[in-house]
Amino acid sequence: MAEGDEAARGQQPHQGLWRRRRTSDPSAAVNHVSSTTSLGENYEDDDLVNSDEVMKKPCPVQIVLAHEDDHNFELDEEALEQILLQEHIRDLNIVVVSVAGAFRKGKSFLLDFMLRYMYNKDSQSWIGGNNEPLTGFTWRGGCERETTGIQVWNEVFVIDRPNGTKVAVLLMDTQGAFDSQSTIKDCATVFALSTMTSSVQVYNLSQNIQEDDLQHLQLFTEYGRLAMEEIYQKPFQTLMFLIRDWSYPYEHSYGLEGGKQFLEKRLQVKQNQHEELQNVRKHIHNCFSNLGCFLLPHPGLKVATNPSFDGRLKDIDEDFKRELRNLVPLLLAPENLVEKEISGSKVTCRDLVEYFKAYIKIYQGEELPHPKSMLQATAEANNLAAVAGARDTYCKSMEQVCGGDKPYIAPSDLERKHLDLKEVAIKQFRSVKKMGGDEFCRRYQDQLEAEIEETYANFIKHNDGKNIFYAARTPATLFAVMFAMYIISGLTGFIGLNSIAVLCNLVMGLALIFLCTWAYVKYSGEFREIGTVIDQIAETLWEQVLKPLGDNLMEENIRQSVTNSIKAGLTDQVSHHARLKTD
């Protein structure tokens, strides 16, 4: 950066605490790049340091924190604001270059060469000396993940464009996908969030572009597209496929031109392709305004196998260094910078802070569906198909029992048929070969049983509708209320209880209004909601008052009849014995 910019930055007040990570493991000091010159330190263990100290020394700052216990993400708003809201940059249009991809594929390693270029872009030897360790973003050899969440370099570079304007350049490092501690949702969230906030997303791949790489890209970009409210154009800007360890230079040469030819072949939509493969390629073309590809050779055996490798150029193959000198300026040279745009409008540093806040809230909420692995998605589809088939079998069989053209069936017979057919449907579900295991499939069997019970409840209502007495229950109930109120009104009026008589007349009038309204609703089909309310009131009166009263009266009549029969029988026996004695 220019000296004036550094002086202005040094004068900015910075308060509060930031998270940074410092290497405490002595053995890691060999693999990690230690602090040198202008590129700051490597950090590993979570520490809190004063932001004044952090701003005095360039270093990576974690702005999106990954919580492994609940697989959620948190934005460190204070850290992001203190980086992007510095007075000399906050109103500048921003360029965000992000590197994403699978874990342990050298994303942070690549970003550190980008840092070298940004600090020495005016020099032909920006790539550094042969014995100079690689510093900047934390990186190391090995098979365990290093970066979590999203980190940015805390020094925002102010660059003069060829057209005379100034832009701010921010470098972003992301958590590697598909490690042993991250879910598909974690990977999708990090990739989508970095793609949504970057102007250039470098998709870091190893050796080749495989079909699963494209499918994961489709899933992750769709997850990001869903989070953006209204999209009338391609939602994302530039995607650069970076193929590391390219082993086929005899087919496609290293660099941009070879990558362009290779990418065109990989993303070509062919008529004889399966529809699934065509859709993946169409989706990628529809999501990004610009697509590119760069083929990078293997850095050499010393880089891959030497545990003490610290990024010195003397240990890296010449082919790799040559192509690296072409790649980094392709992304970061002033004439090649891509300014961040959202919905066609340029984004400033100040704007990007607000977009980060808005996007992280979306991913912290439950509005978006949770992305799933291919196995889980296939197992779900497999089980749902089995549920649908078994439910369809149950419905068709029940239609034969009490369908629209079938007569009314006794409730006890209907329930017996239901239980038999439910068992048949469950057996059919179990007989289908399904993915996911017994515990996973059990949830879908429970879902099937619940759906069958819900369908059975509808069949009960349909069957009850065929019962003429059930259909006449509402008018009969209302008429019974009117008749009872008429009798009670007459009796209470006769004995002088006029207030009760008036109340009974009022209830009788309401019942008459309900009866007339119900008849109109059934005749015209209008005001069906009112008709439903009247049916519910009548149902409540029937179940809570009239039916219990009728049952009690019937029990009393039956009891009286039995008593009279017993008495009559005893009387007959006594009379018979008396006649025998007389004879």
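Cβ atoms are placed via backbone N, Cα and C, with glycine included.
Here Swiss-Prot flags 1-60 as region 'N-terminal hypervariable region (HVR)', drawing on similarity to another entry.
Among the features that Swiss-Prot reports, region 'Disordered' is placed at 1-44.
Marked as topological domain 'Cytoplasmic' by Swiss-Prot: 1-476 (among others).
As annotated by Swiss-Prot, phosphoserine applies to Ser24, with the evidence given as a large-scale study or a structure entry.
This prediction places the mean pLDDT of the domain 'GB1/RHD3-type G' (91-336) at 82. Marked as domain 'GB1/RHD3-type G' by Swiss-Prot on the basis of sequence analysis: 91-336.
Taken from Swiss-Prot, the feature GDP binding site applies to Arg104, Lys105, Gly106, Lys107, Ser108, Phe109, Gln175, Arg244, Asp245, Val303, Asn306. The Cβ of Asp245 (GDP binding site) has 17 other Cβ atoms within 10 Å, all protein chains considered.
The GTP binding site annotation in Swiss-Prot covers Arg104, Lys105, Gly106, Lys107, Ser108, Phe109, Arg244, Asp245, Val303 and rests on similarity to another entry. When secondary structure is read from DSSP and collapsed to three states, Val303 (GTP binding site) falls in the helix class.
The annotation region '3HB (three-helix bundle) domain' is assigned in Swiss-Prot to 374-465 on the grounds of similarity to another entry.
According to Swiss-Prot, the region 'Linker' annotation covers 466-474.
If you look up Swiss-Prot, you'll see 477-497 (among others) marked as transmembrane segment.
What Swiss-Prot lists as transmembrane segment is 500-520 (among others), and the listing cites sequence analysis.
According to Swiss-Prot, the feature topological domain 'Cytoplasmic' maps to 521-583 (among others).
For 547-583, the entry in Swiss-Prot reads region 'Autoinhibitory domain', with the evidence type experimental evidence.
Sequence-distant neighbours of the transmembrane segment (500-520) (same chain, 6+ residues past either end, Cβ-Cβ under 8 Å): 474-475, 478-479, 481-482, 485-486, 488-490, 492-493, 526-527, 530-531, 534-535, 537-538. Classification of Ser108 (GDP binding site) by DSSP places it within a helix.
A count of other CB atoms within 10 A of each Cβ picks out Gln175 as the most crowded of the binding-site residues Gln175, Asn306. Cα of Arg244 (GTP binding site) to Cα of Ser108 (GDP binding site): a span of 13 Å.
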